[in-house]
Amino acid sequence: MGTLFRSGFCFLILILLCICLSGHSVSAENRRPKNVQVALRAKWSGTPLLLEAGELLSKEWKDLFWDFVESWIHPTNVDSDSNTAKDCLRKISSYGKSLLSESLASIFEFSLTLRSASPRVVLYRQLAEESLSSFPLADDVILNTNDGGISEPNDTTKTTNSEAFLLGMNPKSPGNKCCWVDTGGSLFFEVGELQMWLQNSKDIKDGAFQQPEIFEFDHVHPDSTAGSPAAILYGALGTECFKEFHIALSDAARKGKIKYIVRSVLPSGCESKSASCGSIGTGEPLNLGGYGVELALKNMEYKAMDDSTIKKGVTLEDPHTEDLSQEVRGFIFSRILERKPELTSEVMAFRDYLLSSTVSDTLDVWELKDLGHQTAQRIVQASDPLQSMQEINQNFPSVVSSLSRMKLNDSIKQEIIENQRMIPPGKSLMALNGALINIEDIDLYLLVDMVHQELSLADQYRKFKIPPSAVRKFLSVLPPSESYAFRVDFRSPHVHYINNLEVDAMYKRWRSNINEILMPVFPGQLRYIRKNLFHATIDMMISLFENNLPMRFGVILYSTKLVENIEANDGELPVAHLKDDHEDISSLIIRLFIYIKENHGTLMAFQFLSNVNKLRIESAADDSPETHHVEGAFVETILPKAKSPPQDTLLRLENEQKWNELAQESSLFAFKLGLTKLECSLLMNGLVSEPNEEALVNAMNDELPRIQEQVYYGQINSHTDVLDKFLSESGIQRYNPKIIAEGKTKPKFVSLCASVLAKESVLNDLYYLHSPETMDDLKPVTHLLVVDITSKKGMKLLREGIRYLIGGSKNARIGVLFNSNVDATLPSLFFMKAFEITASSYSHKKGVLQFLDQLCSFYEQEYILTSGVAESYQALMDKIFQIADANGLPSKGYETSLSGFSAEILRSYLNKVAQFIYRTIGLECGANAVITNGRVIPLSDGSTFLNHDLHLLESLEFKQRIKHIAEIVEDIKWEDVDPDMLTSKFISDIVMAISSSISVRDRSSESARFEILSAEYSAVILQNEDSSIHIDAVIDPLSPSGQKLAALLRILSKYIQPSMRLVLNPMSSLVDLPLKNYYRYVVPTMDDFSGTDHTVHGPKAFFANMPLSKTLTMNLDVPEPWLVQPVVAIHDLDNILLENLADIRTLQAVFELEALVLTGHCSEKDQEPPRGLQLILGTKNTPHLVDTLVMANLGYWQMKVFPGVWYLQLAPGRSSDLYVMKEDGEGTQGTTLLKRIIIDDLRGKLVHMEVMKKKGMEGEKLLVPADDDSQSTSKKGTQDGWNSNILKWASGFIGGKDQSKKEKSSSLEPGSGGRHGKKINIFSVASGHLYERFLKIMILSVLKNTNRPVKFWFIKNYLSPQFKDVIPHMAHQYGFEYELITYKWPTWLHKQKEKQRIIWAYKILFLDVIFPLALEKVIFVDADQIVRADMGELYDMDLRGRPLAYTPFCDNNKEMDGYRFWKQGFWKDHLRGKPYHISALYVVDLVKFRETAAGDQLRVLYETLSKDPNSLSNLDQDLPNYAQHMVPIFSLPQEWLWCESWCGNTTKPKAKTIDLCNNPMTKEPKLQGAKRIVAEWPDLDLEARRFTANILGESIEPQELPPSPPKIETTSDNSSEDEESRAELHLQLILILSTDLFSVLSESYRSFSLCCRIFAVTTLPSSFCQVFLLLLAGFSSIFPIILVPYSFPSVLPIYFRISEVLGKLNFAVFRPSFQPISGSRSQAHCPSLQPGLTCCNLSASSFPFWCSSCLPQQPHPADLPLLPCCHAKAKKKSKQAAASAEPSSAVTPASKTRPSQLSTAPVSGKDALMAGQPDLAKAPATSQPTAGTVTVNDAATTKVRPMDFHTFISDIEASPLPESHHVGGTSEHRPVVALPDKETVEAEGKKKVSFAGLFSNNRKLTEDNKLSKFVLDDGALKLEDNDLIDVKAKLGFCLVGYIAGKFPGLKAIHSLAKSWGAAFQQHVSGWLIFRFARKEDRQRILAGGPYFVFGRPLLLKNMPDCFEFKQDDISLTPVWATLPSLPLEC
């Protein structure tokens, strides 16, 4: 009951609060929280959902596509038509899920809503467009030939539309036909015509036409016959024509006539012909999901916002949808509204109030301390931890306040701290089934693919009846490490070493301590240690040995001729060669070398090799030496030490067999190592490299860290044989590059799991061969030999496999797949039958392998090597019977089995095998290959595969992939499996299937030990024993990666329910908010599909109830390959201020996936990447659609692509003249190879390609310097051709269709103003509406001052849609060219997080690749710059060979010296006298920039420096200045860039450009500074705005520019720069006081210079008035103050408030008129004042004040005091004139205040300076006042009084009490402090001097704070009564106090004081003073506490009599303690 009562009471309180807030909701309707909605759509049109479903199923298993087609065409259950998109989605999903297991069905449905298969359908559109474009279709009329098709394609129609290809456009329906069949030679649009063609079987089999290309992703009908002609059906499932074609083609495929292929396409215009659900998804753009959207709280320090209002634009649907189920400050409003729907408006108002009051972007330090731990506690204790984590980190600014107030559990904090001893704080990691995932690269599409792979494998393993525990173990198996190094074990006596560092005398002086290798050395310096650390076998060793390289050199010699004979003799030494090898030069050299080594020493033997090479070179012989060279070298070598003639020794050696045998053994050893195919190679400790000096050094540098690591851990010491250690650990006995994949080439794997599971699979009918006596053993390694027995190579492979088993293998078995053509001869078929009988019936026999070896030998000799075709197999049959008896096999058994030989059955079997090999392995009929547990090694014509290679393959695969799986299989406890099935074959099949399927996965080989982290208190653990997916993660929830991971993990939890172990790892000590943004991750749901019609809305990011007054900036977190841009955005997405939306509730933006980015790395073996290499990409018909360049950094390149089939090749010209592409490691000289690239998903592609120089071009450079005179005239033609080829270079990638004009000629269209001459290229970047506004002004300023043609280059990444709409019209109107360029940030380059820093990086990092090669020079001009000179002068300037030219910073504005960081500290030391340049304007000589690799150097430096968050503060500026020692900078003349912040005013007239650079001192907004600084800026701005409004169809209202402050100029004779600087110091500093006055003033107070003279006040809220006066008072007694109110209406009341207090000080207040009005005074209304008030209309040089003659007839406001009018002429300011100007008396009928008086005593310039007053007399007026104008004296009174404590008390007294609390009920107005008149001053001067008078007017500006000597005539000075003050008597009843915590602002304190009826004042020390009229009021307030202001306590006490206002007291905080059970008297 009590619980019910309490809950009801709380609900009643809530209702009361809502009712109280209802009035607020009405009055603040426009202040209601607003929303933001973001969508991202693909550039291609929507694709049918039905076709996407088929593609998703085919990724699971290819046959599922055909099952889905059949089930859709022939449904078993005829259901009603689906009328809505959601119904169709459910229907399509149900058809697909019926073919899948339960675990895969959920991921299929999610992938369907994600639309991840849409790119595959777009790919088919490209192929369909190519198919149609290959044949002539005149006006869509189908021209039929006699055979019913369209034939003879016209060459003119082969040129396809590049736009259609690039954008994935849907082909139009040809002739209103929706389906057609492409056979390569004909197109058929009618089924009848196709039937006629199929009946003409002769034409089909002749193959007179070119077969269409078939791809791996194509859907090949399972009944299709391999080798049959292809028939491709282009059509869409769901159309009637597809059904008709499908039935006909399926029937033909079953009959073996064709290979039937389907490519799913629904042509444009066929949507209406599709079934009800067949066209779902095509009617609207494809909205994508799988990306994040960020709304970051923007730093508005410089207030870069446009003040233009949005007039009109595209209005999208305003959804007004808000998620009311989310908790808001403890309330769930969806439940409240369910219970009280009649209070909807009140409840929503209360919710809006709570939301608007929770946003925070700052916290105090003590609140930040445990914020990470508190967040972890909130997540762990939540009922749904994943949802809680997502809500916290995606709405962090709104929840941070409540998080900081949470009481922390010490156990959670302690566990987090303990875990962080093992993992860095804030580090995030994630692993899927044990394999680490790169968090930076992960996206939804990649994660879904990875999870789908795991689920698919688990589903297949369960079909083997493998227990779930074993399934999880299999899925946790990691692939082998990519860094694993294979070493060839070359240890043998046949290795001849020239040196030994450990024993040779020449190395005795070297140090022997192995630890020396750990000592640091300079880069490139070698470590000379007497230890054999590096062992190399290389041909250039003699020169390196002589140079004392710290390496042991050796050589292995072999004869190529002998190796060929050994290979032909089945790996044995041929007998014939043993007898006679005298003609073999290589064998002769080996014999002589060995002889010399044994008889004369090693050094002389190596000298012999050197002499052979020397004689060969001297005789200009070919590559191979001749016999006389060898003999001559032998004689020359041994002659000095020979005891007998060397010729006799030669003759003797020829007859001695000993040396021949040693030479042959050496060659045989090299043959067994497998190195002979490389001709010559380098072995560095067993690692194979190229045999050159550069490769040697690189290999040595790569090996060094491995040795250092093992030395560091003690695994290598001084006694370790390094070579033995390395080769014993990772040595292999043979090297084969096809087995040991080099570089980036990854082995090819295929999964055999599904084939093993299939009942009628070829593998289930296969019988295996084993080594003798091992048939019943488990064979984890399975070699499948794909053999074409009709070829010599196939038989060779088969015989090597048999010999491999004869040699013995305990772990392997061999199965043979005959891959011959179905037209094989009868002997071949008979041989196959005999082989099959042997393997199936006699494989256990002892002599079976010898039988097969002899059978193969006979068959090869009789039927393969002999010419002619033998059709009789009788001889083969007889031989089989003969050798069967010889090897102990029953010949009668063979005779019985072979009697039923049927050629047709064998041909059918061959066809089945060919289908399996083609569909599963991807090999064509007739190919030879080795498949080892799924690893495919195809054998080309020029390669051989020996039994040694099979041993190598077995060893590597077993060690790396198979061993661990076999161990898991052996440990399985089988359940529900028949024990009779558990044979060795069954287990071996499972090992083969599982190892092959696991190898297909693309996952990391890295793992982490998550189990060592404690997870009791600070972890989220979700158990699911039935799930095959397990996720381990360490997450910092308050990090950008945590925002994305939280969303991804929640998706997985929803759809697949994995088991999770998430350890939270927040930062333990925070100094700032970790997240300052809102974040949404866009995920599709079923609700994206309409339930009322066929519309598919697609997913969107929705931000509900965003803060109104915070400026937000929008960023998209998209997958790395995506290139996006905004296409619909009315508002400025860089500066989103929602309170400006007026009645619009939701700001909406639409982005577009402009392209996918194809990236790659290009390499040249053992060389630097080919920088500048040109690549083109296109289709076969149109090879050049896009292009790019290769940069030196990692050989990186990128291109824009769309889904499709593309071909990459070298561009025609110098690139293809010098280089060829290598394919599979082997390049073909003189041939340009195409590299096919398939883009069929949204994840892009990373391509690794290798090129090599053509023969004879090795010494040529790709990029030839323009000034290189060494080029011969013969090369000039080639270079000219190259230059002409690149005139349009990179336009496809960089500009694309955004290019405004092509470079046809220098003359432009009308409107260009007759521009002529060399074109000027200007580059700029802008983001946000304000900077786009600046950019248009910059363009106009350039065009108005430049006479030559101009082309602008803009980075389009951040341009708004409005700007991209306007710029083409602007280019046409003003006659300039433009191009939009872009470059995707490379993944390997450290990426910036903030948008502004990314923009800065684009200005400098990609200059060499973002522009076309044809562009020679470009000028960067900041968007906020105004050009005043002809840019042609800068463009033509000689940069003296420097790639960059910048303007140095000005240094003549001395006030900014404190901000010139480059003149002190690090920068001063680094620059070493070089200037620091500004990046607002610079010139890039692109030719020199590329030649010197400046871009690569800048990127390397950036990568090094940018990882330090404190480095590169101004990235675009710091980087080139830091790098100018490597990338030299030419310093431009100073006049080329002027900005007010750094340059003096005297240089402004000479400025050729003016930059609106930020001022770190004033932080003046850009827009305001532009209007003030640049005279022509308003006109240019108005012109640009009018043009933009005209284009967009908007109306423009002229903006009234705020008046500029008065120009106070000084007369100068320009005698020196010092005088100019001094004048500026005195008169030209302006301090802007913004709304946040207190912080600005306090900062300015500390940095205030004594020479500052002028203040300018913009907006001064009344609540800050007293603070302003107090802070200002400290300056007033030192120098005079001039107040210039810029925005007069907003500060008018404060204007007079200031005048009251400062009337006692040295001041003057003035303001220039808004409009100069000629004539005398009038009674016209002031435009800047309140309605009904009049003022004096003054000229521009006058200052209006309230004058008695200007008063309105009615009383003026009481709080506006009056100032006298002063009628003095500006030309003559004499004492007489001043004296004659008597002040006027003010008439104030409604006020008791007395008028203020202003002294008119003039002060001369010199006297004013000495008196500390401004010399305004010297400042000439901008215009002379006419007769009758009203002016004010420039100086006020000469007597000043400092703001002492007396003044402070007087100010307190002057502060009025609120009217409702005035004593006696009467309203007494605040008295106005009068200014002393002349008589008063003179009278005071004659009085006796008091103590206070010592400080009045006694400080001089010229002497700083020094007091003048004061002479006392009357002796000692005594303190008088008037020098003392009675505080209590003056102040009355006061409370003093302070805020504990962060100060909430004066506005809140004023509101509190007003509610108390008290007057409020803040003391300069920070104390808050509240003055009450009565003592009772003070006591009432004091007793009513405690009080809180925004949750922070206000601590109060009575003000003591002698209160000293010490700041130290504020640090003391009283603590209230409750003592329970305390006695009343104690």
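Cβ from N, Cα, C; glycine included.
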TrEMBL annotation of region 'Disordered' - which of the ranges 369-400, 1777-1808, 1873-1904 it falls on: 1777-1808
1262-1283, 1306-1327 - the range that TrEMBL marks as region 'Disordered': 1262-1283
Residues flagged as region 'Disordered' in TrEMBL, choosing from 144-165, 1596-1617: 1596-1617
DSSP residue counts for the domain 'UGGT thioredoxin-like' (361-476), split into helix, strand and coil: 71 helix, 6 strand, 39 coil
DSSP-derived helix, strand and coil totals, residue by residue, for the domain 'DUF4283' (1928-2005): 24 helix, 26 strand, 28 coil
Which of 361-476, 760-999, 1320-1585, 1928-2005 contacts the domain 'UGGT thioredoxin-like' (489-739) most, counting Cβ pairs under 8 Å: 760-999
Mean of the pLDDT scores, which run from 0 to 100, over the domain 'Glucosyltransferase 24 catalytic' (1320-1585): 88
